[in-house]
Amino acid sequence: MTLPASPPRYAVIGNPIAHSRSPQIHAMFSAQTGRPLRYERLLAPVDGFLPTVQAFRESGGLGLNVTVPFKLEAYALAEARLSERARLAGAVNTLSWRDGAWHGCNTDGVGLVNDLLRLGVALAGARVLLVGAGGAARGVLQPLAAAGCARIHIVNRTAARAAELAAAWRAAAPRTGTQVSAGALAQAAEPGGWDVAINATASGLQDAAPDLPGGLYAPDALAYDMMYGARPTAFMRQAEADGAARCADGLGMLVGQAAESFHIWHGVRPDPGPVLLALRTELLAAG
């Protein structure tokens with residue numbers, strides 16, 4: 001009698017990790033596509049990323065989503081086998097075991113772009129304000145440029161960090177036709193307003209908004225916060241008061257980046273819509 005094969009094993013690794021919705025998301029993708037899998041949370045010691053990954057691989061693991069604080073270590077692990085998106089992002093959030101080695105990709109920016117498109121944003125020719133100059137901001141520059149944005153203006157509380165990110169992007173990125181500039185938060189204004197403003201800071205964790213000037217938004221503009229919750233974030237409330245026509249949080253980005261990881265691992269692209277609806281319903285019920 002032949003025993004049934006165990007489903008392929010995947011996980012999300014981070015510290016902390018108990019809050020992660022990735023197992024729930026990938027279970028729904030599995031049911032939707034008919035691709036069996038085992039997906040779990042891996043809590044790694046802050047100084048124990050590599051041993052945890054090695055033990056996971058030795059137990060048959062084939063893929064990892066990587067979250068805080070390990071995206072840079074994942075980049076180093078897969079440095080010889082990086083996708084272009086990961087190279088330009090400077091961080092890896094998706095590891096795949098292929099041909100005897102770990103390969104690294106970054107799906108955060110694709111998740112953002114796909115969610116913006118789902119929301120009806122015309123990114124081709126768009127003027128985008130990107131608030132924040134950390135890893136979250138860096139990770140979305142290439143997909144935004146590839147989507148045809150005309151201009152991306154990076155602003156940060158420390159203006160020098162925004163300038164460094166813009167300079168690093170211009171030095172490393174292929175020619176895209178996207179103008180990338182930088183400044184302080186107080187230099188966020190644009191004549192005619194921005195078509196899209198994206199908050200890539202963690203200000204929402206303190207229920208605070210970046211200290212931005214008023215008058216930022218063009219008619220029909222969208223304000224997008226990478227953070228999410230049951231209620232509008234402080235950035236969303238600030239944007240609405242400043243005249244943004246629409247506001248959205250980052251739950252769709254979360255589901256979108258997971259869908260891209262699923263596609264990398266399994267070769268099939270799930271529909272994020274039903275999963276996003278289920279998570280949103282759950283959030284609202286809990287909030």
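The backbone N, Cα and C atoms fix where each Cβ goes, and this holds for glycine too.
As recorded in Swiss-Prot:
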| type | residues | note |
| --- | --- | --- |
| ACT_SITE | LYS71 | active site, proton acceptor |
| BINDING | SER20, ARG21, SER22, THR67, ASN93, ASP108, TYR228 | shikimate binding site |
| BINDING | GLU84, GLY132, ALA133, GLY134, GLY135, ALA136, ASN156, ARG157, THR158, ALA159, ALA160, ARG161, MET226, GLY250 | NADP(+) binding site |
**Message:** Cα-Cα, whole number of Å: ARG21 (shikimate binding site) versus MET226 (NADP(+) binding site)?
**Reply:** 15
**Prompt:** What's the CA-CA gap between SER22 (shikimate binding site) and MET226 (NADP(+) binding site) in angstrom, rounded?
**Reply:** 16
**Fill in**
Out of the binding-site residues THR67, THR158, the residue with the smallest number of other Cβ atoms within 10 Å is THR158
**Fill in**
Students should find that the Cα atoms of SER20 (shikimate binding site) and ASN156 (NADP(+) binding site) sit apart, in Å rounded to an integer, by 28
**Message:** What whole-number Å value do you get for the CA-CA distance of ASP108 (shikimate binding site) and GLU84 (NADP(+) binding site)?
**Reply:** 13
**Request:** Could you list the residues of the same chain, at least six apart in sequence, whose Cβ is under 8 A from the Cβ of ASN93 (shikimate binding site)?
**Result:** ASN65, VAL66, THR67, LYS71, ALA74, CYS105, ASN106, THR107, ASP108, GLY139, GLN257, SER261
**Asked** For ASP108 (shikimate binding site), which DSSP three-state class applies?
**Response** helix
